[in-house]
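Questions regarding the structure given below will be posed in turn.
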Amino acid sequence: MHAYRTHTCGQLREQNAGETVRLSGWIHRKRDHGNLLFIDLRDHYGLTQCVIDTSNPNFGTVEGLRVESVITVTGKVVARTTETVNDKLPTGRIEVQVKELEVQSAADQVPLQVNSEQDAGEELRLRYRFLDLRREKMQRNMVLRSNVIASVRRRMIEQGFTEFQTPILTASSPEGARDFLVPARNHPGKFYALPQAPQQFKQLLMVSGFDRYFQIAPCFRDEDSRADRSPGEFYQLDFEMSFVTQDDVFAAIEPVIHGIFEEFSGFTGVKKSVSPYPFVRIPFDEAMLKYGSDKPDLRNPLVIVDVTDVFRRPDVEFKAFKGVIEKGGVVRTIRVPGVADRPRSFYDKLNDWARGLGAPGLGYIVFEGGAGKGPIAKFVPEAAQAALRQATGAVDGDAVFFVCDQPGPAAKLAGQARTEIATQLDLIAKDRFEFCWIVDFPMYEYDEERKKIDFSHNPFSMPQGGLEALETQDPLTIKAFQYDIVCNGVELSSGAIRNHRPEIMYKAFEIAGYAAEDLEAKFGGMLSAFKLGAPPHGGSAPGIDRMVMLLADEPNIREVILFPLNQRAEDLLMQAPNGVAPERLKELHLKLDLPKPKIAG
């Protein structure tokens, strides 16, 4: 017989009755019934009820053990009586009568309960992550993650991609987030950087003559935490393709993403539908207008409409809106069907919500009995109300909510209002995954803080119209061959057709204020490669963590990462980041210049 187990704790069934077996695992629960002690023994695979009676010499030993102690039991499988069957467990029709018992590891008092789903607080859970990971939900989430990655690999290979590993130690680059820097001991004053993404390396692979690359790539960014973003590191399905258009990239990755979500869409116990591919494509400008976001949740049926022209009419006397419009502002509205009978408190609550975001409120008109009602209805005459109905599709029984501001802030608040209203009314469908592509991103944006034009997103994107567009168009009108894939309001991936021609790259960076010398200093390796024959290429990088988060229906990405950092980018279990000995700093030629501690009061 094996030293530790003949079966797992999730394996035994009625047909095993009469067998002598050996199991090993953690004590999940103990129940003392006087002459009998019941133990729920747990391993990765499940639970088995074990029974030990007072005649067993090990009874006292087990009685003194705490939950989470690790034991090995040997005993006989017996069928449970009808009244003691537990059909909630796969092993619930049998139990093991313990004959022998060995303590492998006695546990101290545990700081959090593994056998309970009660929230212990994130700080405690992360400090004792190894205990937290013993819980059934966490075990299932991590196995889901493993299975998703295995499925991704299989599907990418079936699509003709080859997996390569790119360097972890590289050069710092001026991408979006801060780099994590690693001092180079043999090169005083110089640093490696952990890659924010394998961006340059995967492009160099295309220049090297490889046609379709992918990897499950670790990425490192020194950025703040969010519910859908873990600080420090994350993993993405990084891929790149040669001699492709944007359509080719979409056609390659859509079956992979769709297949993953179809395969695992029933993970939570409720099978969700997955939008078919080809996925809907929405231009960036349209997304910002209709949804107030470049990450629209298409499960939400509400749509934003621009009604600036209605409030610009001479017969509309609402000066609060007119004054903003005269200064270049816009009016956006959201039609909400069937809420005319809602009490005044519904509208007041939404106004309070908007004020909490720093807005003056949400104006609204309720349509009933052929007329508009509400605080601003008296300023909008019948003809203008008819124009509002036509623009929004509103009918009696509906309400329309208004946001008025400069275009950027108006789009943002309208998008937030769209989500808030749909959430309050429970309009967002929970039974499906809705995918879309956001395309035609602006190549550049105006940086108000620095008073200059800069790249809007990825500086390596090919501008639509190529060199001619860069030389003849207003930079703020140029679109890029850049795209995001979005699911249920979560950005899964950014990608682009790359700028592989040096003359176009020099001009693109010049417009953003970078001299040729700057470009060569930062991206010299890639530029020199492009000057020696580079194919047109493009790719993307869907986030593994975010895909698993959606499939597991978890609101926080840390629920699908084994050992995540907390919101302050600390590893509470391993006590990282930590200080290092002075001699280590000396050999790295570093001196600390720490901020002075703040004086209280």
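Glycine too: its Cβ is placed from the backbone N, Cα and C atoms.
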Among Glu163, Glu286, Glu491, which is the one Swiss-Prot gives for the ATP site where Arg221, Asp222, Glu223, Gly543, Ile544, Asp545, Arg546 also bind?
Glu491
With the ranges 11-14, 199-202, 539-542 to choose from, which does Swiss-Prot describe as region 'Aspartate'?
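Residues 199-202 are the ones Swiss-Prot records as region 'Aspartate'.
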For the region 'Aspartate' (199-202), find every same-chain residue at least 6 residues outside the stretch whose CB is under 8 Å from a CB in it, and list them.
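Same-chain contacts beyond the flanks: 166-167, 170, 173, 175, 213, 238-240, 460, 523, 525-526, 539.
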Check the Cα-Cα distances from Glu223 (ATP binding site) to the recorded positions His33, His457, Arg498 and tell me which is shortest.
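Sorting the recorded positions by distance from Glu223 (ATP binding site), the top entry is His457.
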If you measure from the Cα of Glu491 (ATP binding site), which of the recorded positions His33, Arg221, His457, Arg498 is the nearest?
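Checked the recorded positions His33, Arg221, His457, Arg498; minimum Cα distance to Glu491 (ATP binding site) goes to His457.
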In angstrom units, rounded to an integer, how far apart are the Cα atoms of Asp545 (ATP binding site) and Arg221 (L-aspartate binding site)?
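One finds 15 Å between the Cα atoms of these residues.
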Round to a whole number and give the Cα-to-Cα distance in Å for the pair Arg546 (ATP binding site) and His457 (L-aspartate binding site).
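Spelling it out, the Cα of Arg546 (ATP binding site) and the Cα of His457 (L-aspartate binding site) are 20 Å apart.
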Can you tell me how far the Cα of Arg221 (L-aspartate binding site) sits from the Cα of Ile544 (ATP binding site), in Å?
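The Cα atom of Arg221 (L-aspartate binding site) is 16 Å away from the Cα atom of Ile544 (ATP binding site).
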Among all protein chains shown, how many Cβ atoms are found within 10 Å of the Cβ of Gly543 (ATP binding site), not counting that one?
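Result for Gly543 (ATP binding site): 23 neighbouring Cβ atoms inside 10 Å.
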